């Protein structure tokens with residue numbers, strides 16, 4: 001038995017206080033090495049008398065019972081080898097709650113993004129047990145201040161085997177497609193509900209306040225992030241609120257940095273720079289384009305016919321493709337161009353191919369249709385110009401959002417979804433807090449008298465606003481996961497869906513123009529989806545080939 005094992009409890013004191021503070025940092029390894037014998041045991045302390053509170057910092061707490069007389073504790077760093085155990089002593093291993101809370105139930109995508117491959121941060125120290133309590137050390141603990149900024153060493157979800165990058169890329173692509181399909185269905189359903197309720201409010205109930213509806217509709221987007229937070233909190237309800245909130249804020253901050261620098265792994269000064277100023281500027285830019293585009297819809301509703309409004313407004317899919325070429329470096333592909341043109345032709349067939357007025361909703365709220373065309377068209381030429389400008393700006397809004405407010409390609413679908421809804425809430429807050437200013441001006445000048453709806457109109461407006469918020473959140477996620485062009489063409493499907501819903505509700509059969517136009521729109525969407533899939537698959541294969549060549553060159 002070594003000399004250190006012959007220490008008696010009566011003369012025991014904390015080893016950390018026995019070490020001279022002036023040489024503790026530099027000479028701790030030499031002092032401690034002289035007190036231990038070498039051993040191959042991975043986690044086994046030689047019992048030392050210890051007085052004072054038990055330290056649980058960073059590893060496991062080992063309680064040593066010597067004849068029931070006195071408890072002794074030794075704190076170990078995780079996975080660090082210790083000396084040979086005393087066979088006459090029994091030990092109890094207790095997992096540290098701090099470590100468990102910090103590392104349990106981590107999202108695999110986020111933890112993988114935040115840490116390098118498996119390592120053990122030794123900080124230049126020998127792998128020896130920590131014998132002193134941090135609370136008893138008179139010196140400041142410089143390690144704890146930087147603890148949040150260091151990558152986590154290992155989580156329970158981590159594995160020691162290396163993942164196949166090809167299989168991982170395929171799994172991520174499949175997950176992205178599933179997310180996109182789900183939000184596509186949700187957006188189509190919510191947009192149909194918004195269109196039907198908006199037509200009922202404006203034409204049947206007679207509440208037609210264009211700018212007020214725009215302000216309420218876009219302002220409701222501020223509910224996206226709180227709703228998302230409640231859902232995430234329910235999914236991770238086993239975590240304490242403090243840990244959950246810290247992780248959520250960290251994820252939003254790192255994703256915003258990725259968005260600002262268009263880099264999956266911002267480093268250096270980029271990682272230290274706050275993304276808040278950038279996000280505020282982009283929120284103002286994107287919201288301005290969206291508000292002007294949405295406002296043009298409400299202005300043109302009373303000037304032009306529903307057919308013209310529907311046809312011109314939905315040309316935004318074409319303008320989204322045009323703006324994607326310079327801003328998103330989109331390649332000109334004949335299959336994509338053909339798909340967009342087929343979709344626009346389908347819209348024209350539905351809009352002008354029948355005498356019945358087609359119902360169609362605006363993506364910023366409101367709807368047209370349901371009344372004879374002569375009652376709605378007042379100044380057709382001016383209205384067409386206004387809605388034409390709005391169509392261009394709406395296509396620009398979609399591309400600006402994709403370029404300046406979406407994380408780069410390769411981001412996990414879950415992270416992209418969470419950030420998309422968060423940015424949607426920023427748009428809603430900006431609208432609600434800033435864009436109320438024109439309301440009193442319009443009221444005083446008599447352009448639009450401010451009046452909140454009452455009774456049935458209030459309830460229907462509430463449903464319409466929530467439906468638009470749901471559609472907008474789903475649409476932003478869809479753009480983030482796919483592209484503005486595919487999302488715009490997908491939104492055109494609602495024209496045919498609304499016609500089918502009207503047929504089911506009123507019993508009025510679908511016209512030939514509605515059927516032919518709907519078939520063209522569906523065909524265009526399928527063609528564009530296949531083209532997008534082929535393009536993404538080609539990029540993935542090229543990236544895999546580049547990685548293989550790079551790894552071979554390194555060897």
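Keep in mind that glycine also has a Cβ here, set from the backbone N, Cα and C atoms.
Over in TrEMBL, the protein carries these features:
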type	residues	note
COMPBIAS	1-17	compositional bias 'Polar residues'
REGION	1-89	region 'Disordered'
COMPBIAS	32-43	compositional bias 'Low complexity'
COMPBIAS	101-112	compositional bias 'Basic and acidic residues'
REGION	101-166	region 'Disordered'
TRANSMEM	177-201	transmembrane segment
TRANSMEM	213-232	transmembrane segment
TRANSMEM	278-299	transmembrane segment
TRANSMEM	311-328	transmembrane segment
TRANSMEM	340-361	transmembrane segment
TRANSMEM	381-397	transmembrane segment
TRANSMEM	418-437	transmembrane segment
TRANSMEM	457-478	transmembrane segment
TRANSMEM	485-505	transmembrane segment
TRANSMEM	511-533	transmembrane segment
Closest-packing stretch to the transmembrane segment (418-437), where packing means Cβ pairs under 8 Å, from 278-299, 457-478, 485-505, 511-533: 278-299
Candidate ranges 177-201, 213-232, 278-299, 457-478, 485-505 - greatest C-beta contact count to the transmembrane segment (381-397) (under 8 angstroms): 278-299
Candidate ranges 177-201, 213-232, 278-299, 457-478, 485-505 - greatest C-beta contact count to the transmembrane segment (311-328) (under 8 angstroms): 485-505
Distal contacts, the transmembrane segment (485-505) - CB-CB under 8 A, six or more residues away: 184, 187-188, 191-192, 195-196, 310, 314, 316-317, 320-321, 324, 330, 336, 339-340, 343, 346-347, 350, 358-361, 363, 395, 398, 475, 478-479, 514, 517-518, 521-522, 524-525, 528-529, 532
